[in-house]
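Scroll down for the structure; my scribbles are underneath it.
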Amino acid sequence: SLPLFRMSPSTQLRTGFSIPLVGLGTYKIVGDDVHPCVEGALKAGYRLFDTAKYYKNEPELGAALEELAPKYGVKREDLFLTTKFFPDKDNVTEGARQKVEESLKNLRTNYIDMVMIHYPKSDDRENEDVMNKEARKDIYVELEKLKEEGKIRSVGVSNYEIQHIEEIKEFGKEMPVANQVEYHPHFTREELKEYCKKEGIFFQAFSSLGRQEPALIEDEDLVSIAKSKGVSVQLVLLAWAVSQGVGIVPKSASPNRIIDNWKVLDVSLTEEEVNRLASKNLGKNYIRCTGWLVQ
């Protein structure tokens, strides 16, 4: 059965725009799967759609939203579209501009709500490469220009550590509005999270379920909290972030699962439950994104 339609709570970004706390992550939703997933999401109430160059689905997402949003009475200004990309190996500035122009075309829109730097280095450079720092500067400065031109509303980062964000103070006009990182009870990123809070940077989680890592989803406290609420452990993990004001973008290629994830809005955790799960921190990442190794 469909959950009752409701809207996600949202947070105001430093640029003054509001971002929903709950959105649809579209990693690995490709080709013909995109349309039914977008339809299920819009029907449930999702308004934030999170993609990336790396996901290779921008054109399909843009086409699906253009067709389906009007069907559900959703206007462009009701949507929050995020995309992200890595700095290029060379010609970082030109590459960033070209990628944004391409995303505008793919997503069939004249502005993107948030563009994130997907990673603190190019895919084609080593963690220790001395050029990484310069690339981070070049891509950020260009994204800020695109923001001034109205093509982007907000500039964010992903997989950035404190040292990468601190650098921005040297050349950025503003700090990034958000940082999207892996976040779940086995990887609580306390120091980074506190830093982002202090700097007014929205903290957004990816891989809230830790890729369904058995050590995480079979945790006895998690299982007992889920039982006591009559919901799945997956919903408790999603609610764990949302209860703390942390954004989530759970992904699924199943429209039913997408609709089911929306029920996170009906699950509330007590402070004690949030803390009990946070105490399970192992400092353990389950995704290959290891920004802390990037110099």
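Placement of Cβ uses the backbone N, Cα and C atoms for every residue, glycine included.
Whatever TrEMBL says is automated annotation, not expert-curated.
Per TrEMBL, the features are as follows:
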ACT_SITE  Tyr55  active site, proton donor
BINDING   His118  substrate binding site
DOMAIN    29-280  domain 'NADP-dependent oxidoreductase'
SITE      Lys84  site 'Lowers pKa of active site Tyr'
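Within the same chain, residues at least six positions away from Lys84 (site 'Lowers pKa of active site Tyr') with a Cβ under 8 Å of its Cβ are Thr51, Ala52, Lys53, Tyr54, Val115, Met116, Ile117, His118, Gly156, Ser158, Gln180. Along the domain 'NADP-dependent oxidoreductase' (29-280), the predicted structure has mean pLDDT 97.
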